[in-house]
Amino acid sequence: MSGNTFGALFTVTTFGESHGPAIGCVVDGCPPGMSLTEADIQPFLDKRKPGQSKYTTQRREEDKVQILSGVFDGKTTGAPIALLIQNTDQRSRDYEDIKNLFRPGHADFTYHYKYGHRDYRGGGRSSARETAARVAAGAIARLYLKRYLNLDIIGYLQQMGDLKLQFENENEINKNPFFCPNNKQIQELADYVDRLRRQGDSVGARVKILARGVPTGLGDPVFDKLDATLAYAMMSINAVKGVEIGAGFNAVEQLGSHHRDQMTAKGFLSNHAGGILGGIATGQPIEVSIALKPTSSITTPGQTINTEGEEVTVVTKGRHDPCVGIRAVPIAEAMMALVLMDHYLRHKAQCK
C-alpha cells in the first residue's frame, strides 16, 4: 500500500490501523534546534481525541504521544522524529457481525477489491483514527510556524446540516465541544446532535480554516500552487467531499468588478482570492473551507452486499460520531500547518 507520505521537504509518513496496537508517524525535514517535548504536542491531540463529550464518538482514547527519536536534550536534531500513540480502547467485537459485509459509504468495498485482504475492524487503515498521527505531526509544524514566523492557524465549525453558524467571537471557538464561534448557538447544536442520536442517523458539516501571518511568496507554480496543495491536503481527510479557497463556489455568481481584490498603497481592499494569487501567497489571511459528508456508520438498517455478492441488510454497531465535522476541525488545522511548513522550507531553499 503506497500513498502514506505527505510533503516534499517537510514530510510526514503515518502508520497504523484503527484497532491495531498503535498508530504513529515519522516526521522528516524538521529543522534542528527547535525546543520540543511531548507536552508541547499533547494539547493539539487533546483537542482531537475521542470521547471528550457526548456529542462525538464514545470511544475513549488518551492519545498520549511518545517521542521516539529526533529530539535530544529537549531540542530537535534534524533527524526523523518518530511519534507513537497507543490504541487502548478498541472494541473489535463490534465488527464481527459485519466483517464479510461492505458497509455502504465506507471504504470496505474498494479496499476489498483493491487489496484482497483488509483489516475490517473499525475500517482499519481507512479509519479516521489515522488522523491522530496527522495532528501530532501538524503540532510540530504549528509550533515552528508560530515560534519562528508568528503564524497562527484557527479552524471552526461553520455549518452542521442545515444549521448555519454566525461568526461572533473567535475566543469562543475552543470553549465548547463544537468549535463554534457563537456561544448563543451551542444549545442548538447540542439539540441537533441529540436528535440525530435518537434517530440513529448522522449529518454533514462545513468547516473553515484560517492562517494569519503567512509570508508573501509561499507557493510553487504551476502544479505545486499553494492552493492546489491545500486542496490536495484537505481532500485527503476522511469524509471531505469538497474544498473552497476564498470565495470558492460563490465566485460563480460574482462579477469580476466585485471579485477582483483591488489594491491600494495600504494593501488589498478585499480577500476573495483567499490569500492566494497565481498559486502564491499574497500575505493576506489564507481562507479554506471544507465540506464533510455525513458518516455512513449509523444504526439505521441499510442495504448492501457481502463478499459473496449476496444482498444483505447491515446495521453498524460501533461507536461513531453523529457529525464527523466536529472533530475534523483540529485535523484540518493540522493539514494546513503541514502544507505551510513544507512550502516555507521549499521557499527558503529557492528564494531569499
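Quick reminder: no glycine exception, Cβ is built from N, Cα and C everywhere.
Features reported for this protein in Swiss-Prot:
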- ARG48: NADP(+) binding site (BINDING)
- ARG125, SER126, SER127, ASN238, ALA239, GLY278, LYS293, PRO294, THR295, SER296, SER297, ARG319: FMN binding site (BINDING)
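Overlay of Swiss-Prot annotations on the structure.
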residue : record               : DSSP class
ARG48   : NADP(+) binding site : helix
ARG125  : FMN binding site     : helix
ALA239  : FMN binding site     : coil
LYS293  : FMN binding site     : coil
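When other Cβ atoms within 10 Å of the Cβ of LYS293 (FMN binding site) are tallied across all protein chains shown, the result is 17. Note: the CA-CA distance between ARG48 (NADP(+) binding site) and ALA239 (FMN binding site) rounds to 16 Å.
Most other Cβ atoms within 10 A: among the binding-site residues ARG48, ARG125, that distinction falls to ARG48. Neighbours of SER297 (FMN binding site), defined as other CB atoms within 10 A of its CB across all chains, total 21.
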